[in-house]
Amino acid sequence: MIRGSRNTTDSDVSGRSVFSLGCLSNAGSSTLRLLAIACLFLFFAAAPRYAAAADSLADTSATWPTWQQWKRVLSLQDYNTRVVLLGVSVLGAGAGLVGSFTLLRKRALMGDALSHASLPGIAMAFIIASALGRDGKSLGYLLTGATVSGLLGVAAILWIRNKTRLKEDAALGIVLSVFFGAGIALLGIVQQMQYSSAAGLESFIYGKTASMGSNDAKLIIVASAIAIVVCLGLFKELKILCFDEAFAGSRGFPIVWLDIVLMSMVVLITIVGLQAVGLILMIALMVIPAAAARFWTHELWRMSVYSVVIGTVGCVLGAVLSAVFPNLPSGAMIVLVCSFFFFLSMMFGTARGVVIRTYRRRRLNRRIARQHLLRAMYEHLEPNTIGAGVKSSRFESKAAVTVSELLPMRSWGWGRLLPTIRAAQEDELLRFTDDNVFFTRSGFVEAARLTRQHRLWEMYLIAYADVAPGLVDRGADDIEHVLGPEIVDQLEDLLEEQKMTVEIPESPHGIGVPESAGPQPGGSTS
């Protein structure tokens, strides 16, 4: 009885517990629903007031300018517009030229570290000048502080790289974050200063060309001109430094001093460009034009010219857009315009663009497939019709290979083999009739040449690279398409040394897939 009543009590307690939990769950769900409804009500009720407060703090609306505004800016009717465009155009030219060398020198992020390292110098210059009763927002004081802080940042990067085992990218990241954090902290102090207004300092963060005066433009022009003249005067030395530092040192060039000069030009361009582009986006002005120019040429002087043009046009168009849309920061607009040029260069650049590289790759693949087809036909006909080790002038116009015989030779498919045959037929290398493929005379000569180059390279691998005969086919198949005349002449000299007088040597591993090598998907059959 006691056990039964205990069980009954336990079951009752369990039932009541489940019921209580269910009630709590239902009550909790109801409470959450009520809280969610209350939050939504408060959000929609308070949204207009917060929106109005935000609009009162900063009007970020961007309306499309009228034709008169466009005409006024493009015709350079305002004196300030002429000053700004002249200053940013020379700045873009200097940044593009200096950026070309830093990109090739693999110091592209140095400008980013410098620009971020200049922020505490700007804030300290404002604090010190204001404490001394001077104008804290004077460009001279601010740029002096930015220069000193930037140089300290460079020294810190070099010290970390030389005194520790950290690499340069880690040193850049450490200095960038530490100096930028210190600058943000100092800006917080500046904003709390009672005896001086800090309004306008944000232009050094985001860039604002509208605040650029004639003296500011003159400073930018002079500094950029100095950087351009120095880079052009030391063009040969900087070129050697960027491409082969060891060779430059062996020729007696002062590598350390050249590196210091290049970094000094980076500091100069970075500091004077802070007001136009801002410290956050200044790195883009030094990297994007040079990177975009790299897609158009492989020569440094052409790359430098293209980089100067892209930097100049990007700065001018960005400043114009910032002038007609006053609420858009000039730095962001300049970077966006340069990024647009970078995208066009990346896609359509004549040297390294995506389109031209895709076209070249497809053309190379078609040429390789055609050469594989010609050599496969030659080696298929060689044992019975042509004869191994004979002159390539023995041409049999009636010797044919069927498509079904070609299909298994290189694991071809119909979708790849037939277009390759038709392409070779258009080049007058083959004749294709009734499922039979015939050589033309020019096609036979080309096939003999390809087979000869392939086997010459196989002989070289066997004789000098100590590769087993059953393993040389794949290596020769990869290299035969890029053998130049000089290499072929050297291989022919090798034949003469081994007293091989035949024009087409025999395959060192026999025709067909060597048994020791096993099947080679997509490989050669020789």
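Indices start at 1 and increase along the chain as displayed.
Backbone N, Cα and C atoms are what each Cβ position is placed from, and that goes for glycine too.
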Given ranges 172-190, 457-475, the stretch to which TrEMBL attaches the annotation transmembrane segment: 172-190
Which range of 39-60, 83-104 is transmembrane segment, per TrEMBL: 83-104
Stretch-level contact, the transmembrane segment (255-273) and the transmembrane segment (83-104), CB cutoff 8 A, at least 3 pairs: yes
Two-stretch contact, the transmembrane segment (172-190) and the transmembrane segment (279-297), at least three Cβ pairs under 8 Å: no
Contact between the transmembrane segment (83-104) and the transmembrane segment (279-297) (at least 3 Cβ pairs under 8 Å, separation 6+): yes
Cβ-based contact of the transmembrane segment (331-355) with the transmembrane segment (279-297), 3 or more pairs under 8 Å: yes
Arithmetic mean of per-residue pLDDT over the domain 'Iron dependent repressor metal binding and dimerisation' (440-498): 72
